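J.: For reference, the structure I am asking about is given below.
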Amino acid sequence: MKFTIYGSGCAKCKQLTENAELAANSKGIVYELVKVTDTNAIIDAGIMRTPALAIDDEIVIEGKVASTEEVSNFLG
């Protein structure tokens, strides 16, 4: 599974990263984590608001810090 975090590297982006990692670890999911901080790459991905999270290249959260539980719901 691949997590992509889109954002500037701010505190909210870091919290979303931590929550995604906690959700995956709690389910025993092996994942790859990619952080995208380049503004042009974020825009090219169609992200309008950060932080954002994509799971396996599908944007699932945009413009907010999702809780561990919210991320977990996307993991099945």
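Note that Cβ sites are derived from N, Cα and C of the backbone, with glycine treated the same way.
As the structure is a computational prediction, the values presented were derived from the model and not from experiment.
The active site, nucleophile annotation in TrEMBL covers Cys10, Cys13. Feature annotation from TrEMBL assigns disulfide bond to Cys10-Cys13. The annotation domain 'Thioredoxin-like fold' is assigned in TrEMBL to 1-75.
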J.: Got a sec? Which of these active-site residues, Cys10, Cys13, has the most Cβ atoms within 10 Å?
T.: Cys13
J.: Hey, does DSSP put Cys13 (active site, nucleophile) in a helix, a strand, or just coil?
T.: helix
J.: Could you tell me the mean pLDDT the prediction assigns to the domain 'Thioredoxin-like fold' (1-75)?
T.: 97
